Amino acid sequence: MLTKFETKSNRVKGLSFHSKRPWILASLHSGVIQLWDYRIGTLIDRFDEHDGPVRGVHFHKSQPLFVSGGDDYKIKVWNYKTHRCDFTLLGHLDYIRTVQFHDEYPWIISASDDQTIRIWNWQSRTCISVLTGHNHYVMCATFHPKEDLVVSASLDQTIRVWDIGALRKKTMAPADDVLRLSHLNSDLFGGIDAVVKYVLEGHDRGVNWASFHPILPLIVSGADDRQVKLWRMNDTKAWEVDTLRGHMNNVSCVMFHAKQDIIVSNSEDKSIRIWDATKRTSTQTFRREHDRFWILSAHPEINLLAAGHDSGMIVFKLERERPAFSVSGDYLYYVKDRFLRCYEYSHQKDNQVVPIRRSGSVSLNQGPRTLSFSPTENAVLICSDAEGGSYELYIVPKDSGGKADLVQDVKRGVGGCAVFVARNRFAVLDKSSNQALVKNLKNEIVKKSPLPISSEAIFYAGTGNLLCKAEDKVVIFDLQQRLILGELQVPAAKYVVWSSDMEAVALLGKHVIVIANKKLVHSCTLHETIRVKSGAWDESGVFIYTTLNHIKYCLPNGDNGIIKTLDVPIYLTKVSGNNLYCLDRDGKSRVITIDATEYIFKLALLTKRYDQVMSMIRNSQLCGQAVIAYLQQKGFPEVALHFVKDERTRFNLALESGNIQIAVASAKEIDEKDHWYRLGIEALRQGNTSIVEYAYQRTKNFERLSFLYLVTGNREKLSKMLRIAEMKNDVMGQFHNAMYLGDIEERVKILERTGHFHLAYVTASTHGLVETAERLAAELGDGVPTIPREKTRSLLLPPAPLLSGSDWPLLRVMKGIFEGGLDLSGRAGHEEDEEEEEASGADWGDGDLDIVGADRVIQNKDLDGEVDGVEPKEDNDGGWDLEDLELPQEVVTPVAARNTRASVFVAPTQGMPVREIWIQKSSLAGEYAAAGNFDTAMRLLNRQLGIINFAPLKQMFMESYIGSHTHLPAFIAAPVISVAIEKGWSESSSPNVRSPPSLVFKFAQLDEKLKAAYRATTEGKFPEALRLFLNILHIIPLVVVDSRREVDEVKELIEITKEYALGLKIEVKRKETKDDLIRQQELASYFTNCKLQKVHTRLVLTSAMTICFKGGNYATSANFARMLLENNPTEAQAKKARQVLQACGDKRDAHQLNYDFRNPFVVCGATFVPIYRGQKDVLCPYCGASFVPSIQGQVCTVCEIAVVGADASGLLCSPTQMR
């Protein structure tokens, strides 16, 4: 049993699935009816008008209705759209046990404890027939799915089959008068609409349930005698076929499965039993600990069942419906109907390949679960849950030609999972020992490898690698080296989907998708409320996946969306362009065409392929709020503007992108105060004073307008604002404008006019208006205020503006790719004059968006006309007539200036420094160091070569930077000008084409250093030689070469210097080890294993031969003598070697050395011990020196800069490696 959904509630007595939506109704013993969405596990609605338990409930097949019957003797018909009961049918005299809609006719059938069955017409809301005959409670009554039959079960121990053909004929409109007359006679004289066709007797106690087979003439029943009985019927009679025994208590409900030959029953013994309908045996039992089962329901369309029990219900299915499949190139291999089938994508052909043996087990869920295919060997592994987990190995015949008659002698085995890991090797998970058993195609174990984590399943992760899944994490495990290559914490992953290039992997859980790269570095995580079913990678790196009811996409950055809604679940196998290839639950191959425009558009934005974005904007039909919101969220409001017609949205996007032109046009259309206010704020931010002025005028915001004229120094318009305030009788407005103008006399007049004589006197007296002050003093008499004499008085005048009467100066900027590129496309579609005008106001890149001026700002005559056109007059109420003093409505909208700045200095746009051009598209650490970008250079070296100790490289970094720049003195007070030196520069070079930097360290120079190191080695100056070799190793990471051949030479140079550095370190160590003679001999022996020049090899062999001879290890010394003679020694060396051979003779070694010249080995660069072939070792990612595993994570002692065992991509020293 695969449980899909479970609820906790009161006892569930009735259940019904909706035929189309993922809904289920549950009627409870408490009287409540619950409506659940079982896909997302939420309670949608509850209906509680019944008084007492509700025992029966049923959805209508096509109408938004359901019916319920309860212990209150009422049948209620509900509309779930309006959330209310439409009507109630009354007539039963006792509890109602079951209710059901007819699939075709407007009928409801109900069974009751009043011993009757009633058929109702829910359209006319009347009872059209009463079926009597049972002499005890009728426990259930159901219509036959196809025929005019009803089956009922009663506690009178009988099952009755009723023929309702006459009722159907009566319901249908008669075609002629004779039929109409016969119907009339039957109505008048009591004709019978329903007759008992069969009475089935055989149960010893009351029968609780009976149901028809959906196709065959079979009936199944369950009773209080704990038995399930199978009955067959024909046109004349019905008889008992068999009895199924096994339940330990009353059988509550029983039914046939719609798609399989099985019977499902549940009982008060707290169990659900599955029976084989053909063999009539019990195959499986599912038990609950404390809950008795009462009701079963089957989904009319899909493979789902539900069962109600004492504390809720469960929705479940009996078998997994996901087909086992594997994709290999152009072919899909999958299992269907006991056959392995092959589907060819390019020709859409489907062939049977090999018959699959039928499982011997009678249990469910024993079919194929996973499939793995080896294309080179044409071998297929099919895994199933049979025998606790097993696999079968089939070889696909290459000339099958669609015929698959021959049953192979397959190879079988037991294991949790089995997957191919190489051409002819597959790994089997042994859960008991937590091992991966690697087997060949003969099913023989060739290797056992313990897994690093307790694994529940294994998946393919590249040749020789396994992806092992534990409960909360996954790891990639290298079977050959037995190393963990990657690890990631994830919720329980069920399926693993690799991209075609094996660079990315998707881990699919029940409700989660985790995207990672090939080393399990986490990229993004998606959470879904509805179950995730399958997924496949697009060629562009987008992951397409399916849930139960949607096809969705996931971009590399985690953004996702819906592509298409599904009616039924599908399992994706491949994505090719706009075609999705998939398998449905019946195992049929299907091709679904999708519109990939949306996610390709978003991917192009994400990867900054703006040319593709522009092309899609011009040619595709992208629209919708989702795309607009996405563009806005990702910082592309100027692109979103292209899709929007709604003026409010256009206004918001225009403000966000700083496009004042479009904002003004939209504000005019909307014409609301708030929008003008926001436009003014944005225009002020951009310094576009003409637009600010226009916005304030439209909203009649005189205070802001006055302040704007103040900061822009427009005294003339400030004077007009003073007159307007005077006409509007706005005292504070008058006073503010007078203060902004510095007009003392006007301020004194305003104060005097408003009765503030004391303030007027102080103002006049302070500012030297003697006559006015004397006049006011005379009026005030004794109340003249005293003015402090010691204070310094000054005239309050506003500061002079920096820029008077025009917009702020702005840098001219290049149009963005969207502004310039879409200019033509925006105009192309507008042919009518009206549309052309609208487009010109809202098109992208119509002008320089950052420079908005005003061709026609508000002229002086506009305000003059307003002021002069008003004649002050007094009316009966006194005061000013304000209605005639408002600003005029028809104000010309300022438009973007094009030629208004010809005389204004425009600062040149700053270009990009040459050193930034060098590193724009480079991944070479040497070029970053030359550009002075040390931080990035160090990160590159760490990623490419695992270098972590940069102290030895500091001098090289500084020399590289200094050597790639020169400095020119300018004026005395000016700073020195730094000039980047380019490689191969000449006077004829184009100024727009920049060459790479001229580097201090050249590969040719390293050859000279190498020769010097060789000379020091020959002369026996080992510390000096070691210093020179290390210097070469430290320079190489910053060297840049031009050709692939030189790249190979650089790698060869690293190998040479590594061997010498290692050998010289061994020799230096030997000279320091004076007391331990055995260790001295071992180190001398290890030095001979280094790959040196012939001359140095002879010197090393001579030294080792001499030391071992003196130490009494004659056999080892003789071996070195023979090796020396094989290396073309000088006469003196050859003579000495022959003497040693003669002296050693057959003598043995006096001491046991940790040295075996017969067994190939490498020397550990840290401990100086041999690592023989077959033993584990770790390497330095830069120089390649070998180390024992315990040194992993430490700095390499040979090159002294890289971390041993670090994960690095490799040396990158030439532009040719990046092409």
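Quick reminder: no glycine exception, Cβ is built from N, Cα and C everywhere.
On a predicted model such as this, the values are computed, not experimentally measured, just so you know.
TrEMBL lists 47-88, 89-130, 131-164, 200-241, 244-285 with the feature repeat 'WD'. Feature annotation from TrEMBL assigns domain 'COPA/B second beta-propeller' to 340-584. The domain 'COPA/B TPR' annotation in TrEMBL covers 611-767. Per TrEMBL, the feature domain 'Coatomer alpha subunit C-terminal' maps to 815-1219. Residues or ranges marked as region 'Disordered' in TrEMBL: 825-847. Taken from TrEMBL, the feature compositional bias 'Acidic residues' covers 831-847.
Taking H, G and I as helix, E and B as strand and the rest as coil, DSSP gives the repeat 'WD' (131-164) the counts 0 helix, 20 strand, 14 coil. Proximity of the repeat 'WD' (131-164) to the repeat 'WD' (200-241) is established through 3 or more Cβ-Cβ distances under 8 Å for residue pairs spaced 6 or more apart. The residues of the repeat 'WD' (200-241), classed with DSSP into helix (H, G, I), strand (E, B) and coil, number 0 helix, 25 strand, 17 coil. Across the repeat 'WD' (244-285), DSSP helix (H, G, I), strand (E, B) and coil residues number 0 helix, 25 strand, 17 coil. Residue counts for the repeat 'WD' (47-88) under DSSP (helix as H, G, I; strand as E, B; rest coil) come to 0 helix, 24 strand, 18 coil.
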